Amino acid sequence: MPAPKKPEDPQEAAKNQAIDKELERAKQQEDLKVKLLLLGAGESGKSTIFKQMRILHGAPRTEDDLRMYGVVVRSNIVTAMRKLSLWRPIKVLWQSKTMKEVWSRRAAMNVIDGHKEYLQDLPRIASPDFQPTQQDILLARVKTNQVVMERYRIDGIEFEMYDVGGQRSERRKWISCFENVDAVIFVAALSEYDQALAESKRTNRMSEALELFRSVCNNRAFANTSIMLFLNKKDVFAEKIHYSDIVSQTPFSDYPYPPREFNSGVLYFIEKFKECLIDDDFNDSFIHVTCATDTNNMEFVLDSTRTIIMTDNLRRSGFLGPG
């Protein structure tokens, strides 16, 4: 006859119950966590959006961060020069008529978008006590060559945002981030319709972005994932279309609208991205035209995106009817 079961010690039972509750709470938090993945070609503005999330929802920059970005800002201006005493001749050159003409033709060169703002503010940046502002940091260009992740708690929900390099050599690292992704934010630069890839001078950057978007949208790993499209750098695009016609670019010779019209140009590229989709489960609420360096614009866009992602996840899980 088996021995009677020894009654569980009340203290031990309470301890086990507390552990079970904590495990259940942790599971519920994990289920609620939203994993966001930023994808897109190199220099599209992904990392700027990543930095905006930190400004809006993360911790302030540390002194070490600010010192690091101070170095980055200066190296963005004069990558081959180390003596800041050269800032005066650089300023004179920048203000010349010839340089302004060269700047208008910068599509032929791999020029950082933030150069213009930096070069217009050289005395401040060249100052020995220079400390970068939030805007300086947003404009700073640092190539992403690893997977970077930051966590944010927004309205009681934990978000994990991942930023990965967009250059061809970096894309092999993307697969490591594909598991359990709730939403992909695909970033493409509107302004790059007349530029070539840094890695391949014969490949148009916008054409590359379209092909990349096609492969992401039709990837089985994202079959149950919300995909948002950010058409970024609208400010640069608005400036550029006045001297660089879309229709004059070989990949976009079918452009049907009058030149130099911002809204028509945006509509044209929205349709180009929609043509990449196999199914129709992608409406205009998933598309945002953005300026990643504008914090007010990005606050509105990211809040709207967060709401759409949460709603779409509930719909995909069967908690909401088709929208």
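Glycine too: its Cβ is placed from the backbone N, Cα and C atoms.
Source: prediction; values computed, not measured.
Sequence annotations record features per position, and here TrEMBL assigns GTP binding site to 43-48, 138-144, 163-167, 232-235, Ala292. For Ser47, Thr144, the entry in TrEMBL reads Mg(2+) binding site.
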Please compare the binding-site residues Ser47, Asn232 by how many other CB atoms fall within 10 Å of each one's CB, and tell me which has the fewest. Ser47
On a simple 10 Å Cβ count over all chains shown, which one of the binding-site residues Lys46, Arg141 is most densely packed? Lys46
Of Glu43, Asp235, which of the binding-site residues has the most Cβ neighbours inside 10 Å? Glu43
Measuring Cα to Cα, how many angstrom lie between Leu138 (GTP binding site) and Ser47 (Mg(2+) binding site)? 9
Least crowded of the binding-site residues Leu138, Gly165, counting other Cβ atoms within 10 Å of each Cβ, is Gly165
Rounded to the nearest Å - Cα separation of Ser47 (Mg(2+) binding site) and Asp235 (GTP binding site): 17
